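Pulled from TrEMBL:
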- Gly25, Leu26, Asp27, Ser28, Ala29, Gly30, Lys31, Thr32, Gly72, Asn128, Lys129, Gln130, Glu131: GTP binding site (BINDING)
- Thr32, Thr49: Mg(2+) binding site (BINDING)
Amino acid sequence: DALEATMGSVNSRGHKAEAQVVMMGLDSAGKTMILYKLKGNPLVETSPTVGFNVEPLESPGRVSLILWDVGGQPQLRATWKDYLEGIDILVYVLDSTDEARLPEAVAELQEVLEDPNMAGVPFLVLANKQEAPDALPLLEIRNRLGLERFQDRCWELRACSALTGQGLQEALQSLRHLLRSC
């Protein structure tokens, strides 16, 4: 099917020419805004994603990234597993200001990471909306997520703001680092 056909083209030397990056997270976490900010669109008005958005992110001399931004509304999360086969890295986006839904976000991340297709797949957690005065600090988010229990896999946690663009280039560097080293 179309989803499988686009996941994982290989260049002539046998190295992956592109990496499949799936972005997940609860609704309103900021996934779509991050996607389009990374693409260089300065002002983005988004509406809830139904299904998915997919965009290539190319940089000369580097592995191209194919970014899959998957809708996070409760009724769409049952389909998340359909996007995990053949992925190279997971980007999980959190709303740093939504303390009430943090347990739900943690539970959904845990469920995704337990999927058999995620064995050995590195992940990057983006704590979005850090520009807001009520954003939880990164250390607090790290502790609440309990990321230390994932010592058997590569992961990173980064602070960012899709609104201001702060931290997005560092997030991209982390993503490329995880792809190279894991």
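Any Cβ shown, glycine's included, is placed from N, Cα and C.
It should be emphasised that the depicted structure is a prediction, and the values quoted were computed from it without experimental measurement.
The structure, with features from TrEMBL marked on it.
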residue	record	CB count, 10 Å
Gly25	GTP binding site	24
Asp27	GTP binding site	16
Ala29	GTP binding site	25
Lys31	GTP binding site	29
Thr32	Mg(2+) binding site	24
Thr49	Mg(2+) binding site	18
Gly72	GTP binding site	24
Lys129	GTP binding site	25
Glu131	GTP binding site	17
>> Taking only C-alpha atoms and a 10 A limit, tell me which of Gly25, Ala29, Gly72, Lys129, Glu131 are near Thr49 (Mg(2+) binding site). These are the binding-site residues.
In response: Gly72
> Taking just the CA atoms, what is the gap between Lys129 (GTP binding site) and Thr32 (Mg(2+) binding site) in Å?
Replying inline: 13
> Can you tell me how far the Cα of Gly72 (GTP binding site) sits from the Cα of Thr32 (Mg(2+) binding site), in Å?
Replying inline: 10
>> In whole Å, how far does the CA atom of Glu131 (GTP binding site) lie from that of Thr32 (Mg(2+) binding site)?
In response: 17
